Amino acid sequence: MYTCIILHNMIFTDEGPEAGNWFDPETPGSSTASSPPRSGVHPSMQDQLSIRAMTPNRKTLSPSMGRTAVASVVTLCLIPVHLIVNRFVPDPYMDEIFHVPQAQHYCRGNFTSWDPLITTPPGLYFLSLAYIASLFPGLFCMRAVPSFSDSCSTSILRLNNGVLSVVCSILVYEIIIHLRPSLDDKIATFRAVVLSLYPLHWFFSFLYYTDVASLTAVLAMYLLVLKKKYIFSSLLGTVSVLVRQTNIIWLLFAACTGVIEFAQSHLKDREEEIDKVRTAMQNDDFSDIHKGFTVNSKLRKRRVNNGVRNQKKHAVATLNPMEHSSGLLDEIYSIVIISWNHLLEILVLLSPFLMVFAAFVAFVCWNGSIVLGAKDAHAVSPHFAQFLYYGVVSSLFTFPIHFSFGQAATLSHQLLKNRLLGFLQGFMALALAFLSVKYFSIAHPYLLADNRHYPFYLWRKVINRHWSTKYLMIPFYIYSWFSIVCNLAKNQKKLWVLVYVLACAATLIPTPLIEFRYYTIPFFFMVLHTDIIDNISWLLLGFLYLCINFFTMYMFLFRPFSWAHEAGTQRFIW
């Protein structure tokens, strides 16, 4: 649309006002040869130009310049840290001891070998093969490596995640400008850079884990759903599931978003029709009903007038049955009605997603579990407390938005607006959180035994410090989730917020092990759809992320330690 406006202005500048003449093909007998030209702006462009004129002093870059700026800044931040990490930690560490050898097997063409301790599908290894295949000609010409298999070193495999991290930052920028088209491009660039520094994403950009590839594939899938390119989106959704199988939840989330967007577009069309009907009602265009009737009594006249009024109300109600409704149930009803009326069209649009989901269900039935290896250690468990932990962690990573006097006042006002409903919501939240903490708080053996992970210390020093500590944290859990939902509901449909919460629950609750890196994908969806308009908040977030990244990388590189019962150097990691 911006390109059309620019071309419009260029034409007027170069060719003068004659370029503004246009022909109306809807007019009977109109043609470019016979009908007189009209001047001015075409009606189809008038609304867009009005919106453009209402946007105050928007400084714009070209989309390619914005992408280039984001990619350049992120690359400059990644390269030196990547070199330092490979200098101090040249050998595979932690989960890399499984992923790196498996990728090297694939580089040697040995696709039948599989480590039974690997829990995720081989999507990351295939992406690495494609990446290394693009590098190998240059490396071979420079005589850096003698063969293709030798190019699959630990440092080059780690660099694969660095490249994906740059791609991910560009996708974040694209989603930001798509969701907020009036946002200054420089501000959008800055926000994308800040989110690329998110500690749980940034840290694993330097190790050969599945997290960065998983987030990149999911965001690419979601961006294409927003752009209504469902076939390509489902293909990237397949890639995301092949990288990490729990991404099937986010594929369904993207499909639901597509349905909501589809219903929204049809609701807008209905609103335009409603405006026309109301205009007709105001102009008394329903007076044609009176024609052909002879009213001989006041009673008959009253009946006719009542009939006219009823037809007017029925016309509006038929076009928009939810005219005066904005609740969650009303949104669900409205979308269900629209989806049912366009069921075939929706099934055709979303059939690629349904095919991927059906293939996934078939795989789970054949495999007997959602994970590939180490099934006993990663069995599905009802870990409802994990859902609560995510709320607190994500709120802390966006503390300027959630932990402020203004936000606390807003939440209090929301609960007190309807005191009975607020009391019931608070009571239900307290009851469910208490039951989750008491009966569904799992201490996985890996969590209790591995002191290399930060959750180990949070569990011992905070959550499990005293028998009462985990219960005292319940108000923080509830406040965090209420704040997240409240902020999302300001700009998103209530149904979208519900789908997001359900997707978070479906992803996190079955996971018995507390791993903060599992929170990355839901966190990005939360931040991208939260309207953080205060630039000071973004500056504070950037500063917070830089401090955390400096601390975690310093601890990882320069504070190694050893275990008495196991040889080798151990390092702190998320």
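Residue numbers in this text run from 1 along the chain shown.
Cβ from N, Cα, C; glycine included.
The annotation region 'Disordered' is assigned in TrEMBL to 18-45. Taken from TrEMBL, the feature compositional bias 'Polar residues' covers 28-37. For 68-85, 124-145, 157-180, 200-225, 343-364, 384-405, 426-447, 467-488, 495-516, 536-557, the entry in TrEMBL reads transmembrane segment.
Three or more CB pairs closer than 8 A are found between the transmembrane segment (157-180) and the transmembrane segment (68-85), so contact between the two stretches is assigned (pairs 6 or more residues apart). Within the same chain, the transmembrane segment (495-516) packs against the transmembrane segment (384-405): three or more Cβ pairs sit under 8 Å, each pair at least 6 residues apart. Beyond its flanks by at least six residues, the transmembrane segment (467-488) meets 388-389, 391-392, 394-395, 401-402, 407, 410-411, 414, 426, 429-430, 433-434, 437-438, 441, 496-497, 500-501, 526, 529-531 of its own chain at Cβ-Cβ distances under 8 Å. Listed by sequence, the residues of this chain that lie at least six past the ends of the transmembrane segment (426-447) yet keep a Cβ under 8 A from its Cβ atoms are 377, 381-388, 415, 453, 455-456, 459, 464, 470-471, 473-474, 477-478, 481-482, 512-514. If you look at the transmembrane segment (68-85) against the transmembrane segment (384-405), you find fewer than three C-beta pairs under 8 angstroms, all six or more positions apart, and that falls short of contact. With a threshold of 8 Å between CB atoms, the same-chain residues lying at least 6 positions outside the transmembrane segment (536-557) that come near it are 81, 84-85, 88-89, 190-191, 193-194, 197-199, 202-203, 397-401, 571-574.
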